[in-house]
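The structure under discussion is supplied below as structure tokens; questions concerning it will follow.
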Amino acid sequence: MSIHLPSSWLGYLLAISLWLTCTLGMLESQIKELRKETEHMFFHGFESYMKYAFPEDELRPVSCQPLTRDRKNPAHIELNDVLGNYSLTLVDSLSTLAILSYPNSTDLNGRKAWRYFQNGVRDLVELYGDGSDGPNGTGSRSKGFEVDSKVQVFESVIRGLGGLLSAHLFAVGDLPIRGYDPPLEEKEFAKLWNKPLGSEGGIEWENGFVYDGQLLRLARDLGTRLLPAFYTPTGIPYPRVNLRNGVPFHPNSPLNSRMWTGYDNNEEYDEDAPVEITENCSAGAGSLVLEFAVLSRLTGDGRYEEFAKRAFWSIWDRRSELGLIGAGINAETGEWTQTYTGIGAGMDSFFEYALKSHILLSEGYPPEFNASGPFHEYDSYFLPLPYQAHSPDSFLKVWEESFEAIKHNLYRGSSYQYPHYIQGDITTGATRALWMDSLSAYFPGLLTLAGNVEEAAETHLLNTALWTRFSALPERWNVATGDIEGGLEWWGGRPEFIESTYYLYRATEDPWYLYVGEMVLRDIKRRCWTKCGWAGLQNVRRGDQSDRMESFFLGETSKYLYLLFEPSHPLNKIDSPYVYSTEGHPLVLPAKAKQTTPPRLQQNRKQHKNASQAWRAYV
């Protein structure tokens, strides 16, 4: 690897890394100890959440209280976008519990994780019902996710929907849980989507709960409640939706009185109402394909997959002549509202889902679009997607063209003090800013997945140097000044850096990455521990703790650390095109969910005169 580095802290770090790699491996006993420490870290956080916060969404680890939506201030989107009032941390933690589980073994933590997984599924069903239309579909809190919560579509998909789907795949054995192999007949019944009325069966667990697909039905309930956001002139979803009421705050939605088609009506609209935000980001609109595709394949309803793909292609169709996408876009007009670009916040997971959609969807076809589904009377506003929009190779082409544009316009290589990526203008490629955010630490992992391991290692090294300097990653760091950018000095427990470390170790088996993981684990334990969980850092310099444990700390950060130190886990050896979502939830398409014939384009579907054609140039 040829990297031009100064005689500085970054060069010093490189020298240390090379010395460790060449002279020191890591003993299996050391790796095992780090694995156990990671398990204890997770359990401390999870048990604290269940004790002090459940069934609310998140935990305040400093004050030992639950963290809920800010009902008094609906505009507090930093909180309300994520906290949907549906026990978010439990939903986000189930896949981690499944990975840690080892039933019927001598592994105490494995048995404990399995017990928590079973009880967690049972508790969700008791609170929100089993996802059916009958009386069992109503829980003690609500009927499914029929809660009066205005949430961000993106966060609800990656945390809520992805968490439910991944946990279902583990529960029915489509993703591996060590030592768990329920009888085939029970598994097949639990996977069956359209069960005969009154039929009984499923997988009977040790806690007495019978799993018959409740999580999948709840996932469909949640996914359906998100659909109103997708009825826009462009196919780009509105950024937010109310889980009970849809999008009544968007007067131009065809689901409301003043349609964007120009239809007149006699209903009055409050002209003095606050103007609702119609700006979405490329990542928020274009990073929904994995979860919605799995939902469609498991339920046989292609509606979800088609809506998510339409949004993806609608973003890509608006790329600049340089092949760059912007950070923000108006869902109604399709105009860029933020014309800077980069690899971090606002764009990040769009690139990730381009590559991962190619991997996950590499076998089979999507099911037919359900023309009699919810809101079907408005489906005439959209043309069916062409065959190419469903092709896995089309998604790969987007990744390849995106990466080429990023490398040509945004990458600053060996002629600079240290290789990095800038924030650039989507039209000219000119430098707009010289900061990098902590979210961009995912990029080395994505490069590794794409086979660009050398460049991934180079980019990861800079993030490692930053972590070494601050014992965390600040939200933004300025490449030019070498200091934290604009006072954005917090770290909320984000997983992206350790995620990339995991990918690089899986690809190279270089013990250096185990030592990086050990550094991260030690710093988290030293700086973030509280008696009631794990806090974020409000200031990475001073170590001030923030009173919030984000759900992704248990759903992603702990998971990637554990898998880094458990290379023999069956998930690391699965022989199938599976992926981790951008929230770290493993997703796979079971064999029976892989359609063998392509869907009809449904050209006879009645089309409205103003039907959107935004994806006409999707490649």
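A Cβ is built for glycine as well, from the same backbone N, Cα and C atoms used for every other residue.
As the structure is a computational prediction, the values presented were derived from the model and not from experiment.
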Identify the region 'Disordered' range according to TrEMBL, selecting from 126-151, 594-619.
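That would be 594-619, per the region 'Disordered' entry in TrEMBL.
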Counting Cβ neighbours within 10 Å across all chains shown, tell me which of the active-site residues Glu155, Asp348, Glu475 comes out on top.
Asp348
Secondary structure at Asp348 (active site) (DSSP, helix/strand/coil)?
helix
Just counting, how many other CB atoms are there within 10 A of the CB of Glu496 (active site)?
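Counting Cβ neighbours of Glu496 (active site) within 10 Å gives 26.
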Sort Thr582 (Ca(2+) binding site) into helix, strand or coil using the DSSP assignment.
coil
I need the CA-to-CA distance for Glu475 (active site, proton donor) versus Thr582 (Ca(2+) binding site), whole Å please.
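A Cα-Cα distance of 18 Å.
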Within 10 Å of the Cβ of Thr582 (Ca(2+) binding site), how many other Cβ atoms are there?
28
Cα of Glu155 (active site, proton donor) to Cα of Thr582 (Ca(2+) binding site): how many Å, rounded?
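Counting only the Cα atoms, the answer is 10 Å.
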Measure from the CA atom of Thr582 (Ca(2+) binding site) to the CA atom of Asp348 (active site) and give the result in Å, rounded to a whole number.
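Given the Cα positions, Asp348 (active site) is 9 Å from Thr582 (Ca(2+) binding site).
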